[in-house]
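Pulled from TrEMBL, these are the features on record:
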{"type": "TRANSMEM", "residues": "33-51", "note": "transmembrane segment"}
{"type": "DOMAIN", "residues": "47-431", "note": "domain 'Cation/H+ exchanger transmembrane'"}
{"type": "TRANSMEM", "residues": "63-81", "note": "transmembrane segment"}
{"type": "TRANSMEM", "residues": "123-140", "note": "transmembrane segment"}
{"type": "TRANSMEM", "residues": "152-170", "note": "transmembrane segment"}
{"type": "TRANSMEM", "residues": "223-245", "note": "transmembrane segment"}
{"type": "TRANSMEM", "residues": "265-284", "note": "transmembrane segment"}
{"type": "TRANSMEM", "residues": "296-320", "note": "transmembrane segment"}
{"type": "TRANSMEM", "residues": "373-402", "note": "transmembrane segment"}
{"type": "TRANSMEM", "residues": "408-429", "note": "transmembrane segment"}
{"type": "TRANSMEM", "residues": "436-455", "note": "transmembrane segment"}
{"type": "TRANSMEM", "residues": "483-506", "note": "transmembrane segment"}
{"type": "DOMAIN", "residues": "559-687", "note": "domain 'Cation/H(+) antiporter central'"}
{"type": "DOMAIN", "residues": "697-839", "note": "domain 'Cation/H(+) antiporter C-terminal'"}
Amino acid sequence: MANIYISGDNGCKQPPDVFSNGVFYQDNPVGHVFPLFLLQIVLIVFTSHAIHLVLRPLKQPRVVSYMIGGILLGPTFPYLLTRAFTLFHYTFAFGGAAPKYEDIKAGYLDVVFRDEGVSLLRTAAYLGLDLHFFMICVKTNPRQMLQFGKKAFVIAVSAVVVPLFILSQMKSLFKVQRGVVIEGIGSRLALDYVSMAVSMTTFPVVADILSELRLLNTELGRLTIAASMINDIGTSACLIIRTFVRRCLRMQLSFLEAAQKMTGYVILIVLLVFVFDPWARWIVSRTPKGGRVWEGHILMIMLAACAMGAFSDAFLLSHWEGPVYMGLLMPDGPPLGTALVDRANFVPTELLLPLIFLNAGRWIDFTMINHPTVFVGLVLYMFAGYAAKVLAVMVPAIYWNISVRNAAMLGLMLNFNGLGQIASYMTYADQHSVKAVRVVPITLTLFSLSIVFGHDSPLPQCIHYSSLVSKSMNANVLLLPQAYVAAILSCMTMTVISSTLVAIFYDPLNARHVMGCRTLQHLEPQAEFRLVASLLDEEPVALLLDLVEASRGNEQSPMCVYVLHLTEIMGRATSSLIAHKNKKGSIDTRQMDRLHRVFINYEQLREGMVVVQPFTAISPYKTMHHDICSLVIEKNVHLVIVPFPRKEPGANVEVHQAARSIIPNVLSQAPCSVGILVHHPITGFGQTVPLQYRYHIKILFWGGADDREALSFGARMARHVAVTAVVLRFLPAVDLEMDEDLLQDEDLFNEFKTEHAENERVAVEEVAVSDVEEAVAVIRYMEKDYDLVIVGRRQAWNSLLSEGMDDWSESPELGVVGDILASSEFANSSFSVLVVHQYV
């Protein structure tokens, strides 16, 4: 397809040269297609990123920056420029007339949006749109729609049906002229299309914004994603069926003739199911685990996506359908999904996709608002739909025991707008643009023109400007310019309001009231002990298994272990928390990995004493603490263990950095005690606890809340028949004045000695130190034949260690003593270190 260039009655002209001869040959570079296209890319990408840097502290997503950038680079820029010139003209009393907006606008649009460059701009923009949709669908797992069952389905249906019904009742507020045109808006069908755009929720937009707000892997974020997927796919299917039926009725086709129009979809299904799906699975099977997908496969898949776009444009109702369906069929995650996203996503997403917003902005002209009352009425009409959507979502959400506040946040999340709505409004406005004429292949001319212009006769390939204008001003007009401006501004404003309110008022970790004390110190000896063991890789599995075995204490104390494997999200659009065991105890082994099976084997070995619940969290490193803390809140956990690998030769640097980024957030936000397990890099692990199990621990006690929690955990371990414990208490060389904190230390320590007075496997030592050097020396020269050293993260306020040692700490999240034990001085020691932080 190519653009038509019209010049009076001379017919069609040949397109101008693509490249410029250069300014030194008196040639205007931007008068040619290629340099103009590059200029357009630079303008929209640079402007939108600059705006995003300003809006980022305000928690605004990138799509808002793209929208504002597109608006500013359209006719808005010459309008602002005219105002500035006029102000300077009258301020400094320049002679002559003030510059006119029409002149500046004409000159600006003639440079940035020349007729010769608009065709390439639109083509590249829609290519970026197709490939972006393809990439989003590659990262999407359609099965996630089923995760929340009928709850997500009812919420999604309510979010569409209720706003549509309310807006349909409000259409009578607008004045209809001659039964076909709404004054100041456009076609009588315009409000129907606007209502559908308001009611629909575009899944890729919602996923991107939630990811930027770091809410993608929260419970409410996952429910939003599931509901948006159902909403998006359902409304798209209904629109396709509705459009197809209307076109068939308009063309007065018989049943057989209408069935022939569906041939394209039959061919598409055959290609996807019997060609592309087996091909993608063959590529996955040919790629070794952890290996790199061959570049040729990536190239061929991208070519296939482009070919599906051409096929869809020729035989289906929209050019994006083929790439979308093909992307949904691709396996998400590694190796293929990850490879596609890593190696083929940058150019279409970062360079071509912003052109959609530039193309949308070239029609936004605030001087075209000729009916202010109608303009404001359309804005209020759309916001009434947004408000109805929030209320429609809140009702079923509250029915499913979601709090009123979170239900409102869910409604706001489903009101996130972006690329889907922009593309819809642009399509409606494009039918009004007199510069959107295309030449179509002769085999499609009759069909396409009969739909667009409403007649059966073929038109000449070159259409006169006045003929096009006369046709665009009849009933085929969908959105007039001022209605288009109102729709885009309402869409952008709703996204700004929703994202701001969600960022301010939704905190997934403080959204629910935490009941009771989540500490080991306050846990009754015979009460169930609930522990979350989080792992980034397989290295600490053996150490955690030994720690869990020691933690179960005696046989009268039940224990539940939630094993959470943290996996970085790769090649997926949404995070997920997968439970591998249902409420009935049945285990789903399809997505379980080796470390889960080790703990399941341990549960079978300790049947009746320990229950293991395996989970997998797939999310970005920066939000993994949400998965941990959400599980802690949901399961009413007392202690969460987070591994901290020592930074030694052979250690996984990526895992070390990830652990260091996760731990501070867990310490500050987890509503329970936290244990940081400092361990050496280990290769391989056993399948279960050895039969001749022996475990030696040492507890360092100064005093304070964290040390009391460490002593309470050690006391529980000491009840195990195979655990040997030594408690080393540090005392000041001079007597201190008793306060409440010291009294609690004395009471707990005396309770420990009383409980284990007859236990030959427990020993208590006390050492007096007068300064920080003596305390550090005792730590450095203590025996190293232990399996685990337990220490509090923070010692009592009067501890000698607090004097100047914080400044020398390499890992402040471990505290002073924990940092010393994790330092290179203890690199040759065999013991691990558990740094305990008490929840207060």
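Residue numbers in this text run from 1 along the chain shown.
Including glycine, each Cβ sits where the backbone N, Cα and C put it.
Curation does not apply to TrEMBL; its annotations are automatic.
When the stretches 33-51, 296-320, 373-402 are ranked by Cβ pairs under 8 Å to the transmembrane segment (223-245), first place goes to 296-320. Of the Cβ pairs linking the transmembrane segment (152-170) with the transmembrane segment (373-402) and spaced 6 or more residues apart, 3 or more are under 8 Å, so the two regions touch.
For the domain 'Cation/H(+) antiporter central' (559-687), the model gives a mean pLDDT of 81.
For the transmembrane segment (408-429), the most Cβ-contacting stretch among 63-81, 123-140, 483-506 is 483-506 (pairs under 8 Å). Contacts between the transmembrane segment (483-506) and the transmembrane segment (63-81): present, as 3 or more C-beta pairs lie under 8 angstroms, all at sequence separation of six or more.
Within its own chain, the transmembrane segment (63-81) is flanked in space by residues 43-44, 47-49, 51-52, 55, 101, 104-105, 107-109, 112, 205, 208-209, 354, 357-367, 417-419, 422, 488, 491-492, 495-496, 499, which lie at least six positions past its ends and keep a Cβ under 8 Å from the stretch. Taken through DSSP, the domain 'Cation/H(+) antiporter C-terminal' (697-839) splits into 58 helix, 34 strand, 51 coil.
DSSP labels the residues of the domain 'Cation/H(+) antiporter central' (559-687) in these numbers: 44 helix, 40 strand, 45 coil.
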